[in-house]
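Residues or ranges marked as transmembrane segment in TrEMBL: 110-130, 150-171, 225-247, 262-280, 300-317, 323-343.
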Amino acid sequence: MSRIDLPSLASAAQDEVARQMSICNACRYCEGLCAVFPAMELRRVFEGPDTDYLANLCHNCGACYYDCQYAPPHEFAVNVPQALAELREESYARYAWPGFMAPVFERNGVWIALAAGLSVALFILGFALWSDPGALTASGNFYAVMPHNAMVAVFAPAFLFPLVAIALSLVRFWRLTGPTPGLTFAALRQATRDAATLRYLDGGGMGCMTQSERPDTWRRRFHHLTFYGFLLCFASTSSGTIMHYVLDWPAPYAWWTPPKLFGVPGGLGLVIGAAGLIWYDRARDGRLRPAKQTGMGAAFTWTLLALGATGLALYWLRETPAMGVLLAVHLGTVFAFFITMPYGKFVHGLYRYAALVRHAYEQKRAHP
Ligand code: SF4
Ligand code: SF4
């Protein structure tokens, strides 16, 4: 009797991950490398949402590809990092809210971020030239270039809409990847620790694989610098907002105040970390990347680098006549970052954290 091939409801990328996971589930050689393999072992079949969950659990260290006896040219053609990376990028679009926005950033991320940043920078420069050209060189006085209320009117919606969009996307991802009755604080704590230490970005203890097939820890270090640099920059902006609105203490702020104490090391972390990731990524084995390149990751890393670099330049040159132009460029970069947040690589950290929470939850239930 001939076999009847039923049409798959999953995407081609989900089908490919399901195929490779079925082989891995029989092999299990890599089970000690990261969270993906223990999560896989709890499943017998891999539905679409299961594969999305596993894709977001993978940190693309590359270890399982170099360890695999079924990697190409073997006929099984197992390349787990590439299959998961391809599906991961696809999954961001699948869960994005509103869905029609996601494809806009899939191929043109760098140009959209650049165009948005330049538009806002030119708008601010035009605004200052029209209202008071002297304000552009009024060293140190940011609000002479653009009044505080005008800044809030432009940036509050640009920040709040992405927050809502990201929250709704995460809820979709969480719901579709399955229920978690009895989720405990211990699982959340475990996931937070794993995320904060990038536990699974170490290739089972050796580090990430490089093109020379020698693992090292530089990708993890650059990732840490970028992540904590970003958090410090966020703390800097938040503390400035509190000082302005709650303490009635407007900018400019001295070097010993929280906006500066958080902002300067945060900016340095962002610049060194993002530049390091760009450099490191160029030297990585192309076989670990998605076959279909979208530019999404590059747009995000370059935007982070621009964010840190323009922020630091503004800090060091704020007392010079270059202040106005630098402020406009920095605010344009911030705007570009905000609007691309829900539809670009920014979401990878949030989906990965959600996947780590699910992983901690499943493991605690499977091994109480
Ligand atoms: S990646 Fe290869 S070696 Fe590792 S579990 Fe899968 S099939 Fe086995
Ligand atoms: S690439 Fe690294 S994190 Fe991803 S599945 Fe393989 S071993 Fe795990």
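Each residue, glycine too, has its Cβ placed from N, Cα and C.
Automatic prediction, not curation, is the source of TrEMBL annotations.
Fair warning: this is a prediction, and the values are worked out from it, not measured in the lab.
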Considering pairs 6 or more residues apart, do the transmembrane segment (225-247) and the transmembrane segment (300-317) have at least three CB pairs under 8 Å? yes
Could you tell me what the rest of the chain brings near the transmembrane segment (300-317), counting residues at least six beyond its ends with Cβ under 8 Å? 109-110, 113, 117, 226, 229-230, 233, 260, 263-264, 266-271, 273-275, 277-278, 281, 323, 326-327, 329-330, 333-334, 336-337, 340, 344-346
